[in-house]
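> Heads up, here are the entries from TrEMBL:
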TRANSMEM  23-51  transmembrane segment
DOMAIN    27-456  domain 'Major facilitator superfamily (MFS) profile'
TRANSMEM  63-80  transmembrane segment
TRANSMEM  92-112  transmembrane segment
TRANSMEM  118-139  transmembrane segment
TRANSMEM  151-172  transmembrane segment
TRANSMEM  184-203  transmembrane segment
TRANSMEM  306-328  transmembrane segment
TRANSMEM  335-358  transmembrane segment
TRANSMEM  364-390  transmembrane segment
TRANSMEM  428-449  transmembrane segment
Amino acid sequence: NKYRQMNDDALDGGRDRNTTRKYVFACSVFASLNSVLLGYDVGVMSGAILFIRQDLKITEVQLEILVGILSVVSLLGSLLGGRTSDAIGRKWTMAFAAMVFQAGAAVMTLAPSFQVLMIGRILAGIGIGFGVMIAPVYIAEISPTVARGSLTSFPEIFINFGILLGYVSNYAFSGLPPHTSWRIMLAVGILPSVFIGFALCIIPESPRWLVMKNRIDEARQVLLKTNESADEVEDRLAEIKLAAGDSSSEAKSVWRNILRPSPSLGRMLITGLGIQCFQQITGIDATVYYSPEILKSAGISDESKLLAATVAVGVTKTAFILVAIVLIDRVGRKPLLYVSTIGITVSLFCLGATLSFCHGRTKIAVSILAICANVAFFSVGIGPICWVLTSEIFPLRVRAQASALGAVGNRVCSGLVAMSFLSVANGITFGGTFFLFSAFSAASVIFVGKFVPETKGKSLEQIEAMFQGEIQLGDAELFVEKQ
């Protein structure tokens with residue numbers, strides 16, 4: 001399309017395309033730093049709960065609540081995040097998210113009891129709720145069209161990197177006394193705040209938010225830094241102003257639009273909310289949070305070996321997210337979603353069968369392989385792509401709030417899975433639980449085929465037109481090729 005056809009050698013005010021790409025890349029990296037906090041918390045809690053249980057003498061039900069409450073409470077942050085980001089901007093919403101999470105992490109580190117630990121966990125969850133919804137929105141709004149898919153996947157990369165760091169932290173501090181080890185594990189999560197503070201001095205505000213606030217000249221300056229020519233900047237600015245004009249002409253409030261949607265917005269909400277919920281009900285958080293418990297049921301009893309095996313899971317999850325980054329703007333969203341959801345279905349079924357019918361070393365080896373395959377297929381598709389889709393399919397006037405609603409669905413499903421996994425596994429066994437997750441994953445394959453369009457290569461404004469019927473959903477892929 002017109003953005004893809006720019007002359008590779010074009011210069012604009014001494015700026016070449018490499019300089020522009022480096023700037024956008026840096027902005028995307030810095031905007032994604034909050035995701036390290038979420039990933040680290042998920043990864044580190046998988047090992048920390050082993051020592052928290054010993055130190056604070058908590059029950060299994062309390063353990064489930066401790067793990068799952070973060071996801072449930074984070075929906076408050078996500079609900080508030082949409083309106084907050086429209087009021088103070090995408091950039092400062094990310095700053096607020098980091099501050100709230102750090103306060104929660106500090107409280108958890110110093111917690112003398114289960115009750116105080118829960119207070120810290122609730123604060124951390126609210127901060128995470130803000131962070132997970134705003135980072136993809138910001139990156140989608142600042143990215144060039146041809147690289148938007150890859151760049152919007154960055155938060156998922158950093159979540160995976162944070163999970164890996166959490167697993168490594170578990171292994172590194174597992175030799176300390178139980179009273180000390182889990183506190184140090186949680187305290188390490190405070191360190192990324194230094195980098196987030198530095199990031200806020202570097203990244204600009206979203207140009208689309210600036211246009212919404214009628215700060216046109218500032219938006220133009222940001223677009224000049226993130227696009228490769230002045231002509232492209234003016235094209236993008238005109239599209240954004242048109243979308244913002246449509247939003248200002250709406251008589252109804254944003255939430256009234258969402259709660260009583262038009263047919264096109266209804267299709268967007270089904271796609272966005274559905275893909276977010278399916279990302280979690282296939283059990284990825286149960287696999288990550290409770291991987292030591294799952295492997296213990298497979299036959300590994302030594303704690304150091306359990307934590308070492310989880311490191312292997314973390315390395316696999318992080319490595320395959322890089323595959324998604326390379327392929328998402330080349331292959332497209334939908335083909336990767338098919339590979340991902342089908343692969344997850346098979347992996348979960350194999351894990352369920354192994355835990356139910358195998359014994360000895362075979363059970364341990366195949367269980368580890370099945371878990372690694374599950375997180376690999378998750379990372380190569382539905383993990384990052386669900387955030388990409390929800391950040392790009394909604395129109396400007398409702399983008400922040402609708403994305404927040406998608407994040408709420410994601411966090412609610414995550415919390416329900418995390419808070420019920422051990423109880424369900426006690427009732428129908430670990431193997432039976434993974435058979436159930438496999439059935440949910442099979443349903444996600446059908447959902448992708450019926451409701452998810454291909455958005456590769458389109459501007460955000462073109463995607464809105466596609467859902468409005470100006471471009472037929474079934475003709476989306478052909479449209480991209482013709483352009």
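Glycine too: its Cβ is placed from the backbone N, Cα and C atoms.
Unlike curated records, TrEMBL annotations are generated automatically.
Predicted, not measured: the structure shown is a model, and the values here were computed from it.
Burial and contacts for the listed features, if you can.
Residues of the same chain lying 6 or more positions beyond the ends of the transmembrane segment (23-51) and with a Cβ under 8 Å from any Cβ of it are 63, 66-67, 70, 94, 97-98, 101, 105, 124, 127-128, 131-132, 135, 138-139, 142-144, 147, 151-152, 154-167, 169-171, 174, 178, 181-182, 185-186, 188-189, 192, 195-196, 198-200, 202-204, 225-226, 285, 288-292, 303, 307, 310, 314.
Same-chain residues lying 6+ beyond the ends of the transmembrane segment (63-80) with a Cβ under 8 Å from its Cβ atoms: 41, 45, 49, 52-53, 97, 100, 114, 117-118, 121-122, 124-133, 285, 289-290, 404-405, 407-408, 411-412, 414-423.
Here the transmembrane segment (184-203) has long-range neighbours at 26-27, 30-31, 33-34, 36-37, 40-41, 44, 47-48, 51, 91-92, 94-95, 98-99, 102, 105-106, 108-109, 165-166, 169-170, 173, 176, meaning same-chain residues at least 6 beyond its ends whose C-beta is under 8 angstroms from one of its own.
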> Rank 118-139, 306-328, 335-358, 428-449 by Cβ pairs under 8 Å to the transmembrane segment (92-112) and hand me the top one.
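The stretch with the most contacts is 118-139.
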> Residue list, the transmembrane segment (306-328) vs rest of chain: Cβ under 8 Å, 6 or more residues beyond ends.
43, 46-47, 149-150, 153-154, 156-157, 160-161, 163-164, 166-168, 170-171, 174, 287-288, 291-292, 295-296, 300, 336, 368, 371-372, 375-381, 383-385, 388, 456
> In this predicted model, what is the average pLDDT of the domain 'Major facilitator superfamily (MFS) profile' (27-456)?
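Here the mean pLDDT over the domain 'Major facilitator superfamily (MFS) profile' (27-456) amounts to 85.
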> So which residues does the transmembrane segment (364-390) touch in its own chain, when a touch means Cβ under 8 Å and the partner is 6 or more beyond its ends?
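132, 136, 140, 148-149, 152-153, 155-157, 160, 271-272, 275-276, 278-279, 282, 284, 287-288, 291, 294-295, 298-300, 309, 312-313, 316-321, 323-325, 327-328, 333, 336-341, 343-344, 346-348, 350-351, 354-355, 358, 402-403, 406-407, 410, 444, 452, 455.
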